[in-house]
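Copied over from Swiss-Prot:
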- 337-346: compositional bias 'Polar residues' (COMPBIAS)
- C20-C269: disulfide bond (DISULFID)
- C101-C178: disulfide bond (DISULFID)
- C321: S-palmitoyl cysteine (LIPID)
- C324: S-palmitoyl cysteine (LIPID)
- Y3: sulfotyrosine (MOD_RES)
- Y10: sulfotyrosine (MOD_RES)
- Y14: sulfotyrosine (MOD_RES)
- 1-30: topological domain 'Extracellular' (TOPO_DOM)
- 59-68: topological domain 'Cytoplasmic' (TOPO_DOM)
- 90-102: topological domain 'Extracellular' (TOPO_DOM)
- 125-141: topological domain 'Cytoplasmic' (TOPO_DOM)
- 167-198: topological domain 'Extracellular' (TOPO_DOM)
- 219-235: topological domain 'Cytoplasmic' (TOPO_DOM)
- 261-277: topological domain 'Extracellular' (TOPO_DOM)
- 302-352: topological domain 'Cytoplasmic' (TOPO_DOM)
Amino acid sequence: MDYSMSTALYDIDYGMSEPCQKIDVKQVAARLLPPLYSLVFIFGFVGNLLVVLILITCKKLKSMTDIYLLNLAISDLLFLLTLPLWAHYAAAEWDFGGAMCKVFTGMYHMGYFGGIFFIILLTIDRYLAIVHAVFALKARTVTFGVVTSGVTWVAAILVSLPDIIFTRSQKEGFRCSCSPHFPASQYQFWKNFHTIMRNILSLVLPLLVMIVCYSGILKTLLRCRNEKRRHRAVRLIFAIMVVYFLFWAPYNVVLLLNTFQEFFGLNNCSSSNRLDRAMQVTETLGMTHCCINPVVYAFVGEKFRSYLSAFFRKHVAKRLCKHCPLLPRETPEPASSVYTRSTGEQEISVGL
């Protein structure tokens, strides 16, 4: 789990000028986090599992965008599968041993970074489809999507390695913890590196890519003659950027303040406790982005919603209502090449 999140679960923090009691923070976490994590897990798991099932059974992964959407959903599922254990950890202690501590820490961070990287790829994919449409016909193939997805997973594993290596389960006070333990001689370096890397990769880089790509997309869309579709596309772009910023910026700001408490004059017990509580709230807020991803990247497409309706008619309605009137048959999609435009692209004809 994230470094700053785990520190809030200790009874005492000896990093202050004098020992700082963390019992109140632990009690708040024990009451607040388990139900919040459970809600995020339920809604996020259902939404992302539906995306995976529809992409595989209905869309058949016919485009590069489908490949990226599938991997984004898998990243979110990997991340979400760790939440039940973190919920138990917040309420009690780590009861699952050292091996599980490392495994679930790895799943958490690979899902976290993988999700961010695939959002970046989807942003670039949309940019190519709209701004460089001719080039995109040759470049945006299923094969290229599979290759870049493989490279992206390798990158997600590499940036997760420090957390996997330094995280371990051990007895801390009266409870067993699962948290990072940096070498004492390099403690400050690794703590600062961890925070700066996370801020760059999860906030600065995605927002920079979004600003550059969506600025180019907006310039192209403003020349679109279909005013209704143009306005819909502009609203969608604005919503994607605002949602990402609102969900992840608070967490990254609090993480920065928490790591550099002395620099910001916050290295006292009361400030540390407030930052720990803020970390609990903002990280949970960031986690809920996993529930939003299926909506803004998949279900917003009219064609994807038709696949969702067909999926429920075929796999759910028939089982729940065996004696209902004959359900309308789904219309098969005409065969298409690897260059077929994806769900979001069909929605406004150019890539969103």
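Quick reminder: no glycine exception, Cβ is built from N, Cα and C everywhere.
Values in this document were obtained by computation on a predicted structure and should not be read as measured data.
This view paints the features noted in Swiss-Prot onto the structure.
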residue : record         : Cβ neighbours (10 Å)
C20     : disulfide bond : 21
C101    : disulfide bond : 23
C178    : disulfide bond : 26
C269    : disulfide bond : 15
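The average per-residue pLDDT of the prediction over the topological domain 'Extracellular' (167-198) is 89, rounded to a whole number. It is 20 Å from the Cα atom of C20 (disulfide bond) to that of C178 (disulfide bond).
For the topological domain 'Extracellular' (261-277), the DSSP counts in helix, strand and coil order read 9 helix, 0 strand, 8 coil. Secondary structure of the topological domain 'Cytoplasmic' (219-235) per DSSP, as helix, strand and coil residue counts: 12 helix, 0 strand, 5 coil.
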